[in-house]
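First the structure, then my questions, so here it is.
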Amino acid sequence: MTSNREQTRVPGERGLIFLLGTLVAIGAMSIDLYLPALPELGAVFGVSAGTMQLTISGFLVGLACGQAIFGPLADRYGRKLPLVAGLAVFVVGSLLAALAPNAELFIAARVLQGIGAAAAEVIPMAIVADLWQQRRAAHVMSLLQQILALSPIAAPLIGAFMLQHLGWRSVFIVLAGLGILIALAVRCVFAETLPLDRRREARLDRTLMDYVGLFRHRRFVALALSGAFIFASAFSFIGSSSFIIIDQYGFSPQGFSYIFAFGSLGMIACGQLNIVLLRRFHPHQILPWALGLLASACAVLLALVFAGLARAEFALPLFFVTFCCFGLIFGNLAAIIITSTPAPSGLVSGAYGILGNLSGALAGSVIGAFHNDTVAPPLVVLGASGCAAAFIWFAAVRPPGDAGAPQAADIVTTDITR
């Protein structure tokens, strides 16, 4: 076993990371690709912006429910089979969304789509835990975040083009095709990373008891709650961004796409900075600074809202700062959770995903309930959630005594190539 300074790689690592990054990007693509179409979809279905917010909240509820299912299944049947099954569900949900004649069926299809996408979100995290320990895992998670951050750059631009030339239904046909291609890639080139002797029996009563035991683990709960508020902060902006930037600030769908892409570039840049920082610092040493900066930006944003000054020239730079902070937070926090919690990684990933996606769905529902044709509801939820995430970290999370000590880079030597 080698030290983290040597950053030992597993066989076929680059190809695996690219495949895992493509998988985790499915969920983001399922939201970002149709964001420019949200105002038009509201008009097509004859519903309010608050109701259209439910199309995102429903997807996040599906993600949360799906992770509760696919996390334990991945610990019982390995990573590959549940992953392919989840992608099949995602494809069906995407096609149903493309054919939906009204908002109610569209929301239901989005929930099904989210359930399938959950496999592509929870299982890659478990695979990372199968293969790497904490600092190397944080490095890999940051690389996955880099790939994930490409979605907000490219997807709204592609979505705006498709909306203009092909109509909104084409977005979901493309998502279905993407799901099929990725499922074929998993089936053909991905080799199992969970050996038979590390698998667990998938009984409902045992799974429920495992979840109960996990949520009694104080450190996991504190970490997961901090992450949940980060999710809420991110999705409160992502889900409302088209209404804020297009409807309230007066930008065109194309302009919205450029603004969203610029924020994502900031997240990618900070994700790359995080990879550099991890050569010298432990994730526990990076997170407090990133969370402190996020809380500061969110506090200023809240002050602007309550002062009636949340105009584009003031709010957009703060949005950019929050995106940058996400680039420093997501990978480190996920790596700490999945590698330091004494429980099966599929279960841990699923529980973390449940809290994160339910918090994102709840944030969207609160914004929809208080929708008043102003920017105040989404910005208040964004700001309050970011401050809460930082507060929980500083109040309840204690880094281990050897946080700065070298960690091992690999925990197994499974050959992941075929």
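Cβ coordinates are placed from backbone N, Cα and C, and glycine is handled just like the others.
Copying in the features that TrEMBL gives for the protein in this structure:
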{"type": "TRANSMEM", "residues": "15-35", "note": "transmembrane segment"}
{"type": "DOMAIN", "residues": "16-402", "note": "domain 'Major facilitator superfamily (MFS) profile'"}
{"type": "TRANSMEM", "residues": "41-69", "note": "transmembrane segment"}
{"type": "TRANSMEM", "residues": "81-101", "note": "transmembrane segment"}
{"type": "TRANSMEM", "residues": "107-131", "note": "transmembrane segment"}
{"type": "TRANSMEM", "residues": "143-164", "note": "transmembrane segment"}
{"type": "TRANSMEM", "residues": "170-190", "note": "transmembrane segment"}
{"type": "TRANSMEM", "residues": "220-246", "note": "transmembrane segment"}
{"type": "TRANSMEM", "residues": "258-277", "note": "transmembrane segment"}
{"type": "TRANSMEM", "residues": "289-310", "note": "transmembrane segment"}
{"type": "TRANSMEM", "residues": "316-338", "note": "transmembrane segment"}
{"type": "TRANSMEM", "residues": "350-370", "note": "transmembrane segment"}
{"type": "TRANSMEM", "residues": "376-397", "note": "transmembrane segment"}
Under 8 angstroms for C-beta pairs, at least 3 of them, ignoring pairs fewer than 6 apart in sequence. Is the transmembrane segment (41-69) in contact with the transmembrane segment (350-370) by that rule?
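Per Cβ check, the transmembrane segment (41-69) touches the transmembrane segment (350-370).
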Mean pLDDT for the domain 'Major facilitator superfamily (MFS) profile' (16-402), as a whole number?
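Computed over the domain 'Major facilitator superfamily (MFS) profile' (16-402), the mean pLDDT is 83 on the 0 to 100 scale.
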For the transmembrane segment (15-35), what are the same-chain contacts with Cβ under 8 Å, counting residues 6+ beyond its ends?
41, 56, 59, 63, 83, 87, 90, 94, 113-114, 117-118, 120-121, 123-124, 127-128, 140, 143-144, 146-148, 150-152, 155-156, 158-159, 162, 168, 171-172, 174-175, 178-179, 182, 185-186, 189-190, 238-239, 241-242, 256, 260, 416-417
May I ask whether the transmembrane segment (170-190) has at least three C-beta pairs under 8 Å with the transmembrane segment (81-101), counting pairs 6 or more apart in sequence?
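They are in contact.
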Go through 170-190, 258-277, 350-370 and flag the stretch with the largest number of C-beta pairs under 8 Å relative to the transmembrane segment (376-397).
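Of the candidates 170-190, 258-277, 350-370, 350-370 scores highest.
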